[in-house]
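Asker: I'd like to ask you about the structure that follows.
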Amino acid sequence: MNGVKWLAWFVTVCSASQYDSGSEKNGLTDGGGNSTIRLEPIEGTPNFRLIKPEKGTQWFPEREIKLDSCVRKSRCEPLNKTTCLGVKLPYNKTSVRLTFYDTQYKIQNQLELYRELINVPKCWAVIQPLLCATMMPNCEKINGQDMVYLPSYEMCKITMEPCAILYNTSYFPSFLKCNSTLFPPKCDNAAREMKFNTTGKCLTPLIHTDKHMHFYEGISGCGLPCRDPLYTEDEHQQIHRLVAWGASACLALNLLTVATFLIDWRSANKYPALVIFYINVCFAVASMGWLVQFGVGSRDDIVCSKDGTRRQGEPSAEENLSCVVVFVLVYYFMMAACVWFVIFTYAWHMSFRALGKIQDRIDKKAAYFHLVAWSLPLILTITTMAFGEVDGSSITGVCFVGYVNHPMRAGLLLAPLFVVLVLGGYFLLRGVFSLIAVRVSSKDVISPRAANKIRQTITRCSLTATLVAVFICVTFACHVYEFRNADSWKESFKRNIICRLEALKDPEKECSNGARPSVSVLQLRLLCCFAAGALMASWTWTPAAAAAWRRYMAKKCGCSVEAEMTRRAHKHELIARAYRRRNEFMTRGRLSISLGGSRQDPVGLCLDHTSPIDCPDDAKHESHNCFSGELSSSWAANLPRFVRRRDALVLPTHAHHSLSSTPDRRNSQDSQISISLRHVSVESRRNSLDSQLSVKIAEMKTKVGRRRTKHTKTKRKSRAARKESTPSIESQISRYWLQAVAGNNDPSREEVKFSFD
């Protein structure tokens, strides 16, 4: 035990000797012989570290190093004001030597100006101790000399991030910037223990927020408001009115198109016309998504967070799903409409792809069309939400992809639009070129009506391709404009915020808004979006659609006459009509009998060539290719015989000689009736104008050759008679006339003409 006591005494003596020698060489000691306070110089600076062994131990939190106060020689003077930024100081003397100011009065004025830092909340909370420790520091006599207590480097360092926006401005003088001369490291300071009011406020238009992801750059604790400050209130109202009118008009046109398909679904339910139905459904739902914001309080609920900032990085657990729902309505269905447009161009191209070959039924690929059209947008939508790239925008009133992250918007919006432009344009142009080739090669054999139909179709498709290309290119240009200038707009806004903070210290300073986005570019981008929906709706602005509505209204109003006019006549009714009008035939020498209305799809792109020969009205299964009263070429060719057998038509007197001369020959001169049909099927199928254009030339040559061989074997006719009685290849292509020569080429010969209304 005694050995331990001796060892402890020896260590204490050695330590005291070491401190005494250090004080003599490197420190200043108390002249009165008090050796408990020592001043240890800090190398390379005029500062000293104040060592008080009896003081309770404090530890620097990061490195667990004991903290001592740091001082510098100065001149002390009594405090004129015992409070600093509203907090009472625990000392009564100070020094002005740490600042640029030479009087306490000037320092007090400067502190009052720094009160405006309350507009930067996080900065205000950490800079108050630094301001008081620098501008009103504690000063006292130590070892007979006036010493001022210095703030530590750590006190200065913690202000760098919250006050970063001000560090390179005139608002922060150099003596507040962290340098090792004024702010020695690892020093204790009484200002650290002072309790300041840390409640701050944000400079307008910034608002307070506790979400780090919403902090405005350089101003922690404040974020951009939900209402975009880059646009004025008047510009907000302009865009909202545009969205209201544009989305409403687009929705109305799309719903009208959808209704047009539904009222005559049997006629409209065929490809490629059916794709227009799905495109309009998608645009209608997307337009509803645009219009949701106009409900009471809906816009703020969609694009604003609970703390008043703009929604970013949705979906999130802290917010409701209104933003995500609107995003799905707008983004998913717009992407689906784009995919359906590509499918439309593909289906239309396939209808004209191979003249002279038998085409595959396009509707057999309907399942694949739906799989692609609904799954690809779903993948894009899920990807966007998985990356958290759904952001709100007060100017448009919807949540969309990449309002904050522009590269994500380019990848998830512009890239799909580019693919739509390339594929859709390719298929449309190929289809147009095919139609042009048909028109050029058959201009001498097709009727003027068929030529006009081809010309109209070429015009419609060319116009659609041009407008779609314009809409997509304009959209690209608007987005590129935003991407290129977004940084300059942000920088201008930041300079405006800094200027307004500096203006708090200098009221005469004027601050400009700087560069801002053009509201006209945004309006143009939105117009392209709504105009695309209207363009897709315009495909049903056709006579066929108008006829469908007339039939629908006639049916609802109970107008049997109108309903009868739109019904296709049966075969027995045609002969009966001819009989009832036999006197007109005898007087005029010709007769026109209506076969009834032909129901085309509302788009006017009926390209199906597989319609049956004859479909009765009471068919048990519904087929979109099935219409009552379809006429085949064989029945039309034998129609004169049917009429003669019923004695329904009495020919003029000068035709009896022809009757007796060749009574047994089909299509004889005495019974010749020229039948003009708009929709007679040569290949035992429904004959729309478009399906006539797609009849295969190779098939017609083969079948005409077989028919000629058959007629040659059964009945030997002269070459001239066969030319007059057999339909030519050209008439097969146009399929508008099935003729049988009557009379000895008498120009006054009589004929009965059957036609559709």
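The backbone N, Cα and C atoms fix where each Cβ goes, and this holds for glycine too.
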Asker: Of the ranges 148-168, 463-483, which one does TrEMBL flag as transmembrane segment?
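Answerer: Comparing 148-168, 463-483 with TrEMBL, transmembrane segment matches 463-483.
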Asker: Using DSSP, how many residues of the domain 'FZ' (71-190) fall into helix, strand and coil, respectively?
Answerer: 44 helix, 22 strand, 54 coil
Asker: Quick one: do the transmembrane segment (324-348) and the transmembrane segment (368-388) reach 3+ CB pairs under 8 Å, ignoring pairs fewer than 6 apart in sequence?
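Answerer: In this chain the transmembrane segment (324-348) contacts the transmembrane segment (368-388) - 3 or more Cβ pairs sit under 8 Å.
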Asker: So which of 242-263, 368-388, 408-429 is most in touch with the transmembrane segment (463-483), counting Cβ pairs under 8 Å?
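Answerer: The listed stretch sharing the most Cβ pairs with the transmembrane segment (463-483) is 408-429.
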Asker: Over the domain 'FZ' (71-190), what is the model's mean pLDDT?
Answerer: 85
